[in-house]
Structures are given as structure tokens and as C-alpha cells.
Amino acid sequence: MKTDTSTFLAQQIVRLRRRDQIRRLMQRDKTPLAILLMAAVVGTLTGLVGVAFEKAVSWVQNMRIGALVQVADHAFLLWPLAFILSALLAMVGYFLVRKFAPEAGGSGIPEIEGALEELRPVRWWRVLPVKFIGGMGTLGAGMVLGREGPTVQIGGNLGRMVLDVFRMRSAEARHTLLATGAAAGLSAAFNAPLAGILFIIEEMRPQFRYNLISIKAVFTGVIMSSIVFRIFNGEAPIIEVGKLSDAPVNTLWLYLILGIIFGCVGPVFNSLVLRTQDMFQRFHGGEIKKWVLMGGAIGGLCGILGLIEPEAAGGGFNLIPIAAAGNFSVGLLLFIFITRVVTTLLCFSSGAPGGIFAPMLALGTLLGTAFGMAAAVLFPQYHLEAGTFAIAGMGALMAASVRAPLTGIVLVLEMTDNYQLILPMIITCLGATLLAQFLGGKPLYSTILARTLAKQDAEQAAKNQNAPAGENT
């Protein structure tokens, strides 16, 4: 009997020691294994939430379109209903952002960059529900926004949530898990794991603290996020444009010309985004009623636009393969391009919860295809395929605007599965980036972050000035 009791006690002691070792391992922030395990958790959660966000947005869009189909034969009902449904959905997103989490407005990527520098707060308990539900409203309304920015911000906030739940207190763990979540978010949005890694290294290079632990954590999170995405959505490329032909060496100079065009377009586009933001700020002046009504009007107009010209509304993923296939004339491509520039400015600059990656990719596709079709007419001896210029244009506008050419190249190649076009992509994106920099253009996300920080400092200074003298001493 004593022997059985002794054996039982020995087993209990061994179990307690193992639990204590695991607990101490998880509490030691400097332990790479603990951070890597947490990175795997962050990547898995980001993949699950990213897939759920995609499905939720699609569900809202299908419900809205289904309601319109029911009254398609009655024009006097169709047009008002299209406006009202999209307006109400958009107003939900604008209201939630303005009321509960202003940092959830817009793309969210500048907020993650600011958080990596410890300059912006990460209130995940507010941002996660607001960004998810608000994004369902604005994207479901058919507004010209993408889901990649929200997914990146959601991923970063999930990283901070995991950090808080497991009480990891070191600055290294806090920074690493935030970056891991952001990279996993981009991977989950585009099914582009390598682009997710490069996005953190390239776009967030001023903020990302590169070391062996942090980069391994980012790799781990992106792997888990991609696995989750592919379990639910399969392994097919997210944009189906088919296998395009190679670009002959004697045509590569045309891709440099295309890059020069985007090098001019990028800074102009960025400037228009910032000016439109200022215009909206002057209009609503921070008043929630004006802001929500303004958002409802923009959402309603996008709903109407979706009836008139479906290609001019929505994020643009459905438009890209249609445009790249050469189904539109050059004139129609340019018309849709201009229309989508206007709608992108209105939707994104108004502060709606939604990204600008997908709209920029669509804009690049439209202009690239138009250039390719024109070049095919001017140089028939080259037997050009307009789709190859569409692929190059997708990455070029992003390279010129965001100033992340490597991310743009890899992202487009992963999304379209046309890796044979890597050389023309490099030429186009490099030309666009160099000219945009030469013209004095600033990276879009960095500029938005700088404006946010300036506004934050001004608000803090005003609070300090208005505070009683006793509180400042």
C-alpha cells in the first residue's frame, strides 16, 4: 500500500514539475520558443479571422444583391433600394468607427506602423469588433475598398491580444507579435505568404526590428495563416488570369515606359488622396452626424454606381481578370480607370474602414491593359499580349504609391501565378519607384501616419493647454 502511495506521489511530483517548467518557459519573454509558439497562435487566429471576414463580407454583398434582384423588374423600387441598402450598410461602418474606435478607420496599416514605433495605441478590444463589423458594412455596401488593410490591422491587433492574454511583457515580444499578426493578415487576405513577409521587411522597414527571433516569428505566423487560408479556400491563385506568354527581350523597353507612366501617376494619386482627406475633414469637422451622413451618401452612390457600371464599384478583384483579358476597348478602360480613381478617393479618403491595396491593383490593371492594347496596335511586329502589361501595371502603381516595389512584384506574381513575368515586373516597378522618388513623391502610408501623429500631438497639446494649472504641475 505504501509502495502504491509513493508511486502515486512520485507521478504527481513529476507532473507538477513538467507543468512548472512549461509555465516558466511561457512566461520567459526572452525564450525564442515561447515567442515562436505565440507566433503560431497569432498566425492561426489571423488566418481564421481573415477567412471569416472574407466570408462575412461576401455574405453581406450577396444578401444586398439578392434583395436587388427581387425588385429588378421594378425600376421605381430598384434604384432607391440600391441607394438605401448601400447607404445603411456604409453608415453602420462609419458610425462604429467614429463612435468606438477612430483608429479603425481607413486602411489600418499606418496604425500598425505607428504601434510598432510605440507611437499609436493598440486597443484590440475595440478595434477587432469595430474593424470586422464596420468592414462588413462598408465593403458589403459595394464601396471601392479592399479587405487587405483591415485584415492586416486585425492581424496586428490579434498579435497584441495574444500578448496580453499570455501576459508576455517584454518589448521584444510585443513588437514581434504585432509584426507577425500584420504579416499573417496580408498573407490571409491575398493568399500570398512571401508577400506578407516582404511587406513587413520592406514597407515597415523603419519600424520593424529585424533579428533572428522576429523574422522566424513572422515566418511562423505567415505559414500558419496561409495553411488556414488554403484549408478553407484551396490553393488556386486568388486572381485567375490564366497563363500568360513570356515577354520577349526586345519588348522590355515598353515595360520601362509603362513604369515611367506609373512613376508619374503614383505621386499624383497620393497627393489626391491627401487632399481629399483634407476636404472631408473640412466638411464634417469631426462631427459624428455629418460624418455618418456623408459616409451614407458615398455608400449609396456606390450602390447606384454598381447598377450603372458594376466594374466601377467594389474592391476590384472581379474586375481585374475581365480587364486583363482585353474585354474592354482602350477608351472604356480609361473611362473606368478615371471613374475608379474618383470613387477610390471618395471611399478611402472619407475614413471608411477599408483598404486601398485592392483598388490600387485594379487601377494598375486598367491602365496597364490600356497601355498594352495601344502598344499592340502601334507595334504589331512584337505580337504583344495586353495581359502581360496588366500584370506589370498591377504592381507598378503600388510600387510608386506605397514605395514597396519588391512587395508589389511578389504579391502580384503570387496572386496571379505568372512567375515567368518576373523580369518585366521588376523593370516596370523599378522604373515607377525611381521616377516617383525623383519627382518628390512620399510613401502613402508613411505620410498618412505622419499626419495622424501630428493630429495626435496637436490634440494632446490642446488638452494640456486647457487643463487646470494644477494638473500640469
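Positions of Cβ are set from backbone N, Cα and C atoms, glycine also.
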Exercise for the section: Look up the topology recorded in Swiss-Prot and say whether Arg19 and Pro321 end up on a common side of the membrane. Expected result: no
Practice task
Kindly point out which candidate in Tyr210, Tyr255, Tyr445 is recorded by Swiss-Prot as part of the chloride site with Ser107, Ile356, Phe357.
Solution key: Tyr445
Exercise for the section: Averaged across the topological domain 'Periplasmic' (310-329), what pLDDT does the model get? Just tell me the whole number, please. Expected result: 88
Practice task
Provide the three-state secondary structure of Glu203 (site 'Mediates proton transfer from the protein to the inner aqueous phase') computed with DSSP.
Solution key: helix
Handout entry: For the motif 'Selectivity filter part_1' (106-110), sequence-distant contacts whose Cβ falls under 8 Å of one of its Cβ atoms, 6 or more beyond its ends
Key = 127, 131, 149-150, 152-154, 156, 182, 203, 348, 351-357, 445-446, 448-449, 452
Problem - Same-chain residue ranges lying at least 6 outside the topological domain 'Periplasmic' (233-252) that approach it to Cβ under 8 Å - result: 51, 54, 190-192, 317, 320-321, 324-325, 379, 382, 384-385, 387-388, 390-391, 414-418, 420-421, 423-424, 427
